[in-house]
Amino acid sequence: MLAPTPSRLPMNQEQQGEFKRRRREKIIIGIIILLVIAITLVEVYLVRHRGESITSSLLAFGLVNLNTILLLFLTFLIFRNLVKLVLERRQRIFGSKLRIRLVLTFVFLSLLPTLLMSFVAFEFISGGTEYQLSAQVERSLAKSLALSQSYLRGMERKVLVCGQLLTRIIQEQELLGQDGRELDDFLRQSRQQYQLDNLEVFTADGNRLTSEDTTPDGIPGTDVDLLAALLKLDHNQVHRQMETSGEVVRGIFPIPLVPDSLSPSAFLVVSQLIPGPILKQVADIHQGVTELRRLQYLLRPVRVSRYVALGAVSLLVLMSAVWLGMYMAREITTPIRQLAEGALKVADGDYNIHINLEGKDEIGFLVQSFNKMTQDLQQSRAQLDAANQQLSQKNEELEARRQYMEIILKNVGAGVISVDAEDRVTTMNHSAEPIFGVAAKDALGQSIHRLLPEGESAKLADIMSWARQTARTSIERPLQLNLASHVLTLMVKSTVLKDEEGSYVGMVLVFEDMTELYRAQRVAAWREVARRIAHEVKNPLTPIQLAAQRLWRRYADRLGDDAQVFQECTQMIIHQVEELKNLVNEFSRFARLPHLTLSHEDVNELIRETLVLYQASEPQVVFEFQPDPQLPFIPLDREQLKRVLVNLLENAIASVNRQGYILLQCRHLPATDRVRLEVGDNGKGIPDRDKERIFEPYFSTKITGAGLGLAIAKAVISEHRGRIWVEDNLPHGSRFIIELPVSHKEPEPGGLAKEPDPAPIIAGDIGTSE
């Protein structure tokens with residue numbers, strides 16, 4: 001059978017909207033994070049490289065504010081998601097607990113290092129800024145600046161002093177008027193002696209008096225244009241000029257030929273070169289001082305900008321951790337939610353389901369396993385449905401057979417009990433309930449030996465043991481049970497049950513109540529005995545009686561004094577013969593089945609007529625009659641039923657010893673359409689051991705009496721299709737109960753009708769019968 005194609009879990013409009021919102025939030029958060037990183041980098045660059053302009057400062061602060069706004073917006077988005085998580089948790093939406101735990105875990109894992117890093121960074125920023133702007137750094141930079149300026153002034157003084165000294169020497173030694181070679185030698189020696197970079201002498205009209213080889217390499221010489229420009233300046237002054245190799249400090253000093261002459265005849269140019277690296281260091285020191293003073297003015301904005309940048313990074317890390325936790329939680333809970341929804345559908349019996357989730361991780365493997373499980377379940381369900389259909393058909397057949405067997409067991413008259421290998425009851429029909437005195441539902445699962453008294457269960461155990469040991473499949477044995485209130489004579493048929501391997505698995509026991517059959521057989525036997533006794537004894541009784549009477553008439557006058565003795569003997573013979581005739585008549589009546597002459601009679605009136613005879617003759621006995629005014633007329637033999645009432649009243653009077661209480665009740669039972677007649681007394685009662693035999697012929701608890709009264713009464717009642725039994729009349733005495741049908745059916749031909757099962761008998765005291 002082909003399984004149907006699994007259905008996929010569809011997304012409703014709310015889920016689609018949620019998916020679009022999440023996607024839009026992801027894009028916005030990604031753009032914000034990129035903008036924050038870019039703006040932070042620009043801020044750092046501006047802080048490090050911005051100049052003195054107000055524009056750069058405003059741009060930096062504007063970027064800080066923009067960065068702050070973006071971070072606040074990012075915080076708002078994440079806070080919105082956190083609020084949504086809390087609301088989902090309160091609404092108990094599936095996966096909300098796991099999401100909160102994952103988010104808290106990510107926040108906790110990122111919060112500690114972020115806080116630690118932020119604390120250390122804040123300390124470094126604060127300490128570095130304070131150190132950078134401290135008074136010690138300011139003094140160091142001021143001293144460095146003063147030292148550099150002192151160095152430059154020293155160079156100027158050196159040029160000035162050396163120029164004045166060399167001018168006086170040239171004038172004193174009159175080197176201008178001598179050979180130019182001596183002047184050159186003097187200048188070379190002086191340059192080396194005073195560590196000057198260049199010494200030149202020019203005439204008043206700008207002609208060079210010294211040779212060019214006196215100028216060292218790398219030091220630019222003084223050209224005519226430069227000299228003309230220098231001559232316009234004040235003499236004996238130092239001037240600085242930037243050159244390619246550095247800054248040159250020059251001094252022009254006039255050399256008069258005549259002392260105190262106002263018009264100099266020549267000029268001495270002294271040059272000292274300050275190298276470029278030294279100038280750069282001096283410029284850096286000057287720029288550092290300037291920057292320090294500017295930073296002192298902008299100390300708070302700079303520190304705030306650095307704090308904002310650090311806070312932005314820290315907040316970005318924290319917010320990223322929160323977002324990452326929410327994203328991971330969503331990635332984990334979404335498939336788990338789908339699995340849970342699918343599991344609920346599977347629990348409801350819907351196996352036609354498939355989860356759309358691709359992944360190579362453990363969750364993807366779990367989803368694949370779930371989809372495979374649902375597919376296997378669907379196939380198994382299809383196979384199971386087919387098997388169930390076949391099994392259902394077989395169960396219907398078995399159920400029909402079981403019901404058929406139950407109907408048979410319910411309607412069979414014998415009690416049927418099945419037990420397992422440990423003698424526990426597995427089945428029990430209703431016919432077995434009165435035998436064991438327990439309901440079938442209460443007997444199931446109990447040992448069959450516990451259903452009987454301890455002494456009687458051993459008899460049944462022997463039969464079952466013998467059945468298990470014998471080679472025959474079934475055996476049949478009689479069983480007599482002496483129960484508390486009655487004695488049962490049963491025929492037990494036991495059938496051993498074995499499996500295919502021949503092992504014992506249980507037994508079926510069929511209990512057939514033979515009590516009434518044996519009782520009927522005994523009654524029939526006694527009737528045959530009574531018939532023969534009546535036939536054999538009745539014939540000689542009349543001749544004996546006639547012979548005795550004849551002897552009395554013939555010899556009474558001849559005996560004289562012995563006549564009295566002779567009379568007593570003959571009268572005794574005649575009397576005993578009469579007693580024997582009465583006994584023979586009783587035997588005859590018992591041997592003959594009663595012949596009923598039915599007519600519709602009033603039982604209440606019949607009881608009153610019978611009771612009148614005893615109320616006058618037994619004044620010491622209290623008689624009470626409780627009639628039923630609604631009692632219907634029933635078909636009965638008036639004389640036969642009156643004889644039964646007389647026998648019951650005689651027994652009751654004897655039981656109360658002619659001074660007690662006798663109650664007669666008569667009522668109609670609509671449920672069974674019967675009339676119930678009860679005769680109860682408060683006498684000594686009937687022992688339990690005699691209750692079962694009280695209706696047997698020739699059984700009596702009295703010294704006198706033939707024991708046929710109750711046997712004949714039972715036969716009469718049975719012929720009326722009724723029943724009679726005895727119960728205890730608590731607290732004392734006994735109560736005989738007769739039930740007669742309202743509508744009479746003719747008895748079965750050939751003997752007494754089968755009597756219904758008697759009502760339960762309660763242990764107590766009992767009366768006598770005759």
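For all residues, glycine too, the Cβ spot is worked out from N, Cα and C.
Per TrEMBL, the features are as follows:
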COILED    370-408  coiled coil
DOMAIN    330-382  domain 'HAMP'
DOMAIN    401-454  domain 'PAS'
DOMAIN    532-744  domain 'Histidine kinase'
REGION    747-770  region 'Disordered'
TRANSMEM  27-46  transmembrane segment
TRANSMEM  58-79  transmembrane segment
TRANSMEM  100-122  transmembrane segment
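As a whole-number mean, the pLDDT of the domain 'HAMP' (330-382) in this prediction is 78. Secondary structure by DSSP for the domain 'HAMP' (330-382): 39 helix, 2 strand, 12 coil. Helix, strand and coil counts from DSSP across the domain 'PAS' (401-454) read 27 helix, 12 strand, 15 coil.
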